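Listed in Swiss-Prot for this protein:
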- G118, I138, G139, D140, Y141, V142, L143: S-adenosyl-L-methionine binding site (BINDING)
Amino acid sequence: MIIKVMTLFPEMFSGPLGNSIIQRAQENRILHIQCVNIRDYAENKHKKVDDYPFGGGPGMVMTPQPIVSCYESIVKEFQDKNHVEQPKVIYLSPKGKKFDQEMAERLSEENALILLCGHYEGIDQRVIDEIVTDEISIGDYVLTGGEIPAMVLIDAVARLIPGVLSQDASFEEESFYSGLLEYPQYTRPRVFRGRSVPDVLTSGNHSKIQEWRRNQSLELTFHRRPDLLKDFILTKKDQLFLEQIKSKK
């Protein structure tokens, strides 16, 4: 997959994208990420990329010309190198659709993505109307710009691309992939400061271990994210276990 990030602050990405899983995916040429500085495409003398909003109001708004010129340069590169002619253009915005695991799975099937990071009070609406295919939000809170949301999206999507993780099971058992929160994890030592690993995990009985993990996931989800259970298909054993949990309240 190829991901192009349109941003005013490309240096923000070097740390998060230059380590761990994302770094290895790029070294193995499974993933190619390039941050493109929008300011480089400003046609005015001082490389100015923002201006006061029409109608008044606080803050500054990113002007359309540098963003659209940056986008057109990226699209031309895709076309010249026989990549995707029209990749999705995702604007990271608090007004966008809430990002979740299902969306990450869909995006991981794309060959290329262009991510647009806003700043200041946002970007000129005409840019959104002209080039943006999707607006995505990572949550109901305010951030300084779209760079951190872009990193979140890249990390969530990249780990779903075949070959990025060493084992598919690594993400299939994680929180949200199955629809439930992940069960607690334990490693050595068996006892730490008086706290022991649950006996079932050292029993060698794999069916009991699976049952324990399933029940732990159900209980955690019930207490912390009950909204996830509304659309989750429960087995009869799941339903019985949850009834027992409810009776303890």
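Each residue, glycine too, has its Cβ placed from N, Cα and C.
Overlay of Swiss-Prot annotations on the structure.
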| residue | record | Cβ within 10 Å |
| --- | --- | --- |
| G118 | S-adenosyl-L-methionine binding site | 25 |
| I138 | S-adenosyl-L-methionine binding site | 21 |
| G139 | S-adenosyl-L-methionine binding site | 11 |
| D140 | S-adenosyl-L-methionine binding site | 7 |
| Y141 | S-adenosyl-L-methionine binding site | 7 |
| V142 | S-adenosyl-L-methionine binding site | 6 |
| L143 | S-adenosyl-L-methionine binding site | 14 |
Taking every pair from G118, I138, G139, D140, Y141, V142, L143, which the record gives as binding S-adenosyl-L-methionine, the longest CA to CA distance in angstrom is 16
